[in-house]
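Right, one structure below, let's go through it.
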Amino acid sequence: MNKKSSVARQAPAPKRVGFTSGFGVLAATLGSAVGLGNIWKFPYLTGANGGAGFLLVYLLATLLVGLPVMIVEIALGREARANPISALQALAPRRQPWWLIGAAGMLAAFLILSFYSEVVAWVFAYVLKAMRGSILSSDPHVTEAAFSALIGDPLQSLLWQWGVLVFIGSILLMGVTRGIEALSKKLMPLLFLLLLLLCAVSLSLDRVVDGLAFLFKPDFSKMSAAVVLTAVGLAFFKLSVGMGTMLTYGSYFRDDQNIPVTTFCVMSADLCVSMLAGIAIFPAVFTFGFAPAAGPALVFITIPAVFSRIPMGQWLMVVFFVLAAVAATGAMLSMMEVPVVILHERFGLSRTSAILLTIVLLVFSGAACALSNSTLASFKLFGLNLFDLFDFVSSNIILPAGGIFIAVFVGWVWGRDKFRLALSNHGQLHNEKLVDVVFFLLRYVSPLLILIVMLKGLNLF
Ligand code: PHE
């Protein structure tokens, strides 16, 4: 208790988002988890890595490593009620540099936001394209050409990205995070419904069996260490863990919130949205003759084809991309919260200056990704363009490594007693058994598993 109040004194809490009700906490955390990771990344990675085999590994990674790390990040944040760097500094023994996890998280936030904001830019551009009706077609050539034209145009790529950054920045500046939360609470169910509708259409397509078999019938022929690492990286990315986002959100959690139950609900809902996106996309991929391994373009070329099959498809597609933008906004806000709160609390910037500085930095680092399919297309490192490189390094290296260090910190330094106390809401809940299982995973299973997967996946061992 003493420790807690001294942390609060050292690092005065900024004006934080209003996680006032239990449902508000759930909505905000879900708002961070559900994003383009579900609608864009999950389908294309599943498509490129062999379907059901990948899905299975992803599920295991979510349960064995993603979920425990999410639980502990939130617990650490709530105990310290501070930004990731200050929180780890306060909770760790003196002179041990665990705060570096928070610093690495800030770096990851910039890397992820740089390419994520560009994908959101494509989503925004697609809202306009959908309104004009220019992309509604079940002909792969038409939808592929439309997408290539967009990402290959440097000016459009940059302008849309700046539009996204200004949009997100103004939401943060207006301090209406609560507004966005309230909005997401209403709009998220709509996204869910629209996905259900798309699934219904997709399930009526000719080659539905092939699509579902691809998604649900494991074939391990595509499995390799690198694919397993990608699945682990996706599990971290999906749950927004390994970089301090959940730690930051945990610092806004209510004292009486049941952390394990909340995280389990968020994980399940997040998984549902991903599965719905998969069911909406793969039957269409097979029916219309797209390539499942089309990569980042997959959603942008198949979704218009599915909508072309329904009455009012054009307008429903507008609604779909608007909702995708809303989902992405919640995720982006949570990512940006990490550098903003660190710059504010640790470096003494006002919250407004912290937001502006973050946006300016993102204009530069984001341009590297925005131009990676046009002006900078020939610039490659390790065979990857900058967009893919930022994605690879953040998802496959920084997030899993962050997960290892967080698990080791809790399992071996912070210890079982403090962990139990935090997760039982200081004795209010009787969940010792569950907490012990999570602690066991964190102490022994998660770090070793991630380490082996990383060493093998990166070909270091
Ligand atoms: N989970 C978010 C998504 O699926 C992405 C994200 C990653 C958000 C890391 C915050 C931190 O889109």
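Think of each number as a place in line: the chain as shown, counted from 1.
Keep in mind that glycine also has a Cβ here, set from the backbone N, Cα and C atoms.
The transmembrane segment annotation in TrEMBL covers 21-40, 52-77, 98-128, 159-180, 187-205, 225-249, 261-282, 315-335, 355-377, 389-414, 434-455.
Here the transmembrane segment (261-282) sits against the transmembrane segment (187-205); at least 3 CB pairs are under 8 Å, leaving out pairs fewer than 6 apart in sequence. Of the recorded ranges 52-77, 225-249, 315-335, 389-414, 434-455, the transmembrane segment (21-40) has the largest number of C-beta contacts under 8 angstroms with 315-335. If you look at the transmembrane segment (187-205) against the transmembrane segment (315-335), you find at least three C-beta pairs under 8 angstroms, all six or more positions apart, and that counts as contact. If you look at the transmembrane segment (225-249) against the transmembrane segment (355-377), you find fewer than three C-beta pairs under 8 angstroms, all six or more positions apart, and that falls short of contact.
When the stretches 98-128, 355-377, 434-455 are ranked by Cβ pairs under 8 Å to the transmembrane segment (52-77), first place goes to 434-455.
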